[in-house]
Amino acid sequence: MKPLNIIFAGTPDFAARHLQALINSHHNVIAVYTQPDRPAGRGKKLTASPVKELAVSHDIPVYQPGSLRKEPAQQELAALNADIMVVVAYGLILPKVVLDTPRLGCINVHGSILPRWRGAAPIQRALWAGDKETGVTIMQMDVGLDTGDMLLKTYLPIEDDDTSATLYEKLALQGPDALLQALEGLANGTLTAEKQDEVLANYAEKLSKEEARLDWRKSATQLWQEVRAFNPWPVSYFEHQGNTIKVWQTQVSTTSSNAAPGTIISASKKGIEVATGDGVLTLLSMQLPGKKPLSVADILNARGDWFTPNTRLNNEAQ
């Protein structure tokens, strides 16, 4: 297969994994587009994206326009004369003129099995909804939000102990292989584009800190899914004794209870069992204010008086 001249557009670590795969391949990455440097850390020092750092280390030209809607930026991109543009978590909208500029257009790596979970948080929403599988879709981009024709899909079962952190890692390994496979198919003309079924489409909205507040009136299963979805950010939490307590790991208990939602049923080193709107949730790992995440056994050693049976966990803001 003849090497393709590729423009890569991406910003976070997830994107950098894909850029590394392209650098390691026989293709030519002729330019990298990434978000402008942003203030980060306590000192608010201007910080380059992981994609920029990788590109600079390999002497690949880097472009950081604040927008691609203006003609000078579009002309600059067109002058690169790329065969294709690969977009992974870039963060800027590509207008139609940009999508149509490369010979083979622009393709995107998306962390879900489209058309399910279009949008910003597909990994988290798959867990939140209790999906049994996820995957990666390589898509020919159009002007819609993740609405383009699908070129290739890979599938990944979601395990009971998966969190957004673990799924992110798994998809960051799966995505680059899928991307290289799709590029080969595009170059050889062997890929058949598949339209997305709009009836099956749904939208993966961004997560919010407010959404991570545990509502004990929900079912134990739904809360278990949310805790996994919101790990590592924004992290599920509840209010108790005037403190915000983060919850990192739970499981659905086989215990049954008619107690009011939020009531502690039992507390031992094996876990703190809490009544919910349907079923009982066992808290396994939590984080007290200013402390590191700890097992429930360690939490009870430090603050066992907060978690005695029949105590009602208060989830109202103090």
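Every residue gets a Cβ built from N, Cα and C, even glycine.
Counting every protein chain shown, the number of other Cβ atoms lying within 10 Å of the Cβ of Pro115 ((6S)-5,6,7,8-tetrahydrofolate binding site) is 20. Positions annotated as (6S)-5,6,7,8-tetrahydrofolate binding site by Swiss-Prot: Ser112, Ile113, Leu114, Pro115.
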Residue among binding-site residues Ile113, Leu114 with least C-beta crowding, 10 angstrom cut-off:
Ile113
Cβ within 8 Å of the (6S)-5,6,7,8-tetrahydrofolate site centroid (Ser112, Ile113, Leu114, Pro115 excluded): which residues?
His110, Arg116, Trp117, Arg118, Pro122, Gly135, Thr137, Asp146, Met150, Lys153, Gln196
Sequence gap of 6 or more, Cβ distance under 8 Å: name the residues on the same chain that satisfy this around Ser112 ((6S)-5,6,7,8-tetrahydrofolate binding site), in order along the sequence.
Arg118, Pro122, Ile123, Arg125, Ala126, Thr134, Gly135, Val136, Thr137, Ala204
